[in-house]
């Protein structure tokens, strides 16, 4: 077929040669038909009537197929003679002939399945609002599946997500710069007409951005890959959950290698969850059964197992073997792990790394693979006990929780002034309103509803007073119990568990990623959708994992410094990212030049770090 393609040049003289190729293709199809018909006639009739009937039917279908090709060739000749054939129509015919040659199973004698039938196990609700139902264990290997006609390529999925990210980045830039000009105008440095013009640019720019994002969402829903995304997400999640279950339930607990993790890290609930996830990642990487020491837990003295299901069904303690501190040796039976801040040496599989064997599939499926990876450990760890599940169900019912809904988390008290700046309620609600206007870009009207969680009860009361047009779901009593003086109680624990649960089930998150509670909710959210990487707005930090290894991004567009604050970037450079200023620029350090500074966010792409981890063969 390469020869056929080469014959289609700009020269009109190539049509005669092209015609010869098409006639040869037609002769080949007739030859196949004759051979099949001859073979059919050579069979003995006795006892084979049914088989012969099927073969005759196949031959007739092939004859019809050949007749259609004959008609197309005849039409082609007529168009050639009248100089009415353009190159595009010719190439379409070439493509059809090529597909028939490369995919004989798609010929009329065997009708292929409809695209939908290939994904019978996909959930009916493809909007991503509901969690994917648990399916039966799948034996799909962790390697990259051959993506065929009904699966997207890595490049397609990567490009789609990159466009979505950069739509937001370009708006960050223009809104920030025009906002500065507007402030200058308001201060009396320009006329009122100019101020009004700038306001119109901002308003129309925001509407244009919402339209683009709405189009992107429509493209995702209609590109034909949504069923694949749900199936692939379910298959990958099932694979990881089976591996974790296998790791945590060894056949011989007494002689199994173990990793001891002590729950009582001196920090809040979200921080402690991340501590347990870090322990679990190390256990997974070293093929050690995780032993969680939780008796006397500051949030619940009875321990983890009274709130969530045990991390193991059969192996609950370290046994009588001697224990050794990290790093120990490969044959050390019981290893005690310190907190991530004091871990030395630091292994390469710490966040932000994902398993090498899963990485090709994850990069194709998800916009931020490390968040998905962390979410899988939380999915296993946070399986509720029946009493906890009943509490969550009744809590949702009592609050009147329903979709669509935006989850808003406002962190105050001990974080403000030390680890994070104070953000007004208006800042959060600006992005909430923008989300709902994006939903309404097609002219529909959507009920405005938010779930508001905070450690300051006054925040909920303030929001209800300032935004009466919103249905604001939240419990001021839970917020009061989350204050520093009362947060380490059973009541406060129930409140924070409910808050995180409802935040994670929201359609969109508005919060500060400096808060571990917000990051935990975002991580759990990834288990609710095939890809929820873009379902958030952080008012401060980008996503990070406390104690992580370097967060690098790769330069894809060169950058010449515009000011003394800018970095010089070459294509291929790695930039260690410190944060996003949400004005179109990010801050980081060029690892090639070792210089720090600002750079346009759209000129880099995420570099997904991988680490060689156990394959858990046969699981």
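Indices start at 1 and increase along the chain as displayed.
Any Cβ shown, glycine's included, is placed from N, Cα and C.
Under the heading disulfide bond, Swiss-Prot lists 253-315, 261-279, 267-271, 511-518. Annotation source Swiss-Prot lists domain 'GT23' at 255-539. Per Swiss-Prot, domain 'SH3' is recorded for 548-609, and the stated evidence type is sequence analysis. As annotated by Swiss-Prot, motif 'SH3-binding' applies to 345-351, with the evidence given as sequence analysis. Positions annotated as topological domain 'Cytoplasmic' by Swiss-Prot, on the basis of sequence analysis: 1-17. Here Swiss-Prot flags 39-619 as topological domain 'Lumenal', drawing on sequence analysis. The transmembrane segment annotation in Swiss-Prot covers 18-38.
Known features from Swiss-Prot, placed on the structure.
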residue : record         : DSSP (3 states)
253     : disulfide bond : coil
261     : disulfide bond : strand
267     : disulfide bond : coil
279     : disulfide bond : helix
315     : disulfide bond : coil
511     : disulfide bond : strand
518     : disulfide bond : helix
So what's the average pLDDT for the domain 'GT23' (255-539)?
94
Residues of the parent chain within Cβ reach of the motif 'SH3-binding' (345-351), under 8 Å, 6 or more residues beyond its termini:
278, 281-282, 285, 327, 370, 373-374, 545, 547-549, 609, 611, 613
Taking DSSP states H, G and I as helix and E and B as strand, how many residues of the motif 'SH3-binding' (345-351) are helix, strand and coil?
0 helix, 0 strand, 7 coil
Can you tell me which of the disulfide-bonded residues 253, 267, 271 is spatially closest to residue 518 (disulfide bond)? Compare CA atoms only.
271
State the count of C-beta atoms found within 10 angstroms of the C-beta of residue 261 (disulfide bond), not counting that atom itself.
24
Under 8 Å by Cβ from residue 315 (disulfide bond), counting only residues of that chain that are 6 or more apart:
248, 249, 250, 253, 256, 258, 289, 291
Sequence gap of 6 or more, C-beta under 8 Å: which same-chain residues meet both conditions with respect to residue 279 (disulfide bond)?
259, 261, 290, 292, 337
Inter-residue Cα distance where the pair is residue 511 (disulfide bond) and residue 271 (disulfide bond), in Å:
16
Please report the distance from the Cα of residue 267 (disulfide bond) to the Cα of residue 511 (disulfide bond), rounded to the nearest angstrom.
20
Between the disulfide-bonded residues 253, 271, 511, 518, whose Cβ has more other Cβ atoms within 10 Å than any of the rest?
518
What counts of helix, strand and coil residues does DSSP assign across the domain 'SH3' (548-609)?
3 helix, 29 strand, 30 coil
Note down the number of other Cβ atoms within 10 Å of the Cβ of residue 267 (disulfide bond), including every protein chain shown.
14
